[in-house]
Amino acid sequence: MALCQLLCCFSAAISYVFCIFPCRQSAFMFFSDNIQTKVPKDMRVKLGIVLSVISVLFAIMLPDVAKVVSILGALFSATISMTFPALFALRMHWSCTYLTCKIDYYMCCVLLLFGVLFSIGGTILSIVFAL
């Protein structure tokens, strides 16, 4: 049993490092002016520290992994399955790269509305039940 717990801790420690890399790159792209593609070392260190502090605070506030997975699932499941496809279809409609009829446009708007509502509602319920 102790060996299983040790291997799970090792796996979590290794996967945490691999999760920080794309998060740090995404945060840099969000906060930068999109001219640089390489993250400077001082910015990389600052973003790594900020992301680590945020994750430690989340780990202290929510020590149960099931609660964290519940919150993340509620937040991202409706977003990935409903909101993003609707946004991509609307973007293609607005840029006239993919011409569709009006009913497709309205269906995308409804799908976008439901995706946002389900994402917000699911996250609120997950946080309420987690605390």
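Using N, Cα and C of the backbone, Cβ positions are placed for all residues, glycine too.
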Checklist entry - In TrEMBL, which of 23-42, 43-62 is labelled transmembrane segment? => result 43-62
Checklist entry - Mind checking which residues reach the transmembrane segment (43-62)? Cβ under 8 Å, same chain, six or more beyond either end. => result 16, 20, 23-24, 27-28, 68, 71, 130
Checklist entry - Restricting to the same chain and to residues at least six past its boundaries, which positions have a Cβ under 8 Å from a Cβ of the transmembrane segment (103-130)? => result 62, 64, 67, 70-71, 73-79, 81-83, 85-87, 89-90, 93
